[in-house]
Amino acid sequence: MKNKVVFIGMPGCGKSTIGRLVSEELKINFIDMDNYIENMTSKTIPELFEHGENYFRDFESLACRELAKEGKAIISSGGGVVKRKENIDILKEESFIIFIDRPLEELLGDVDISKRPLLKEGREKIIKLYEERYELYRLCADKIIRNDREIGNIVNEIKEVILDNLEMN
């Protein structure tokens, strides 16, 4: 049985916030993949992107391989982790993948583009990424959770899904 949960979804959909809350309630290790990559490389995500998106994606793939070896954990992935099939194949072996599906209108209203290299172009870029990735998120997910209500309700729903589907005790 799988012993990790990986949250996927658009930048700003709530992966890290929800992941932290779920991990605190279940007392399971939380790992933010972007922070993991920054610690691994001693560079920020924007600094890695200065060398090109593929340069960053190579480190993201390496992080997926390393995190697949972790014990019990809640992992918040980067928004583009689904762009490489190998990443999802690696993560699916030991992880239950949850797509945090947040309505586009809410993403457009909340996302801080200054800290997200791929979103520097603003609203149009968010819409384009959403259109490119939405179906990938749906196809990769073991479970889809809609983030369009009170966060406590979302956390409770995810806890139920985890306790029903994973070996986390």
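Backbone N, Cα and C define each Cβ position, glycine as well.
As given in Swiss-Prot:
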BINDING   G12, C13, G14, K15, S16, T17, R116  ATP binding site
BINDING   S16  Mg(2+) binding site
BINDING   D34, R57, G79, R133  substrate binding site
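Among D34, R57, G79, R133, the residues given in the record as binding substrate, the maximal Cα to Cα distance rounds to 18 Å. According to DSSP, R57 (substrate binding site) sits within a helical segment. Each residue contributes its Cα atom, and for G79 (substrate binding site) and G14 (ATP binding site) these two points are 11 Å apart. Counting only same-chain residues six or more apart in sequence, the Cβ atoms lying under 8 angstroms from the Cβ of K15 (ATP binding site) belong to F7, I8, G9, S76, S77, G79, I100. Of all Cβ atoms in the protein chains displayed, 20 besides its own lie within 10 Å of the Cβ of R133 (substrate binding site). G14 (ATP binding site) has a Cβ environment of 22 other Cβ atoms inside 10 Å. Candidate binding-site residues: D34, R57, R133. Nearest to G14 (ATP binding site) by Cα distance: D34.
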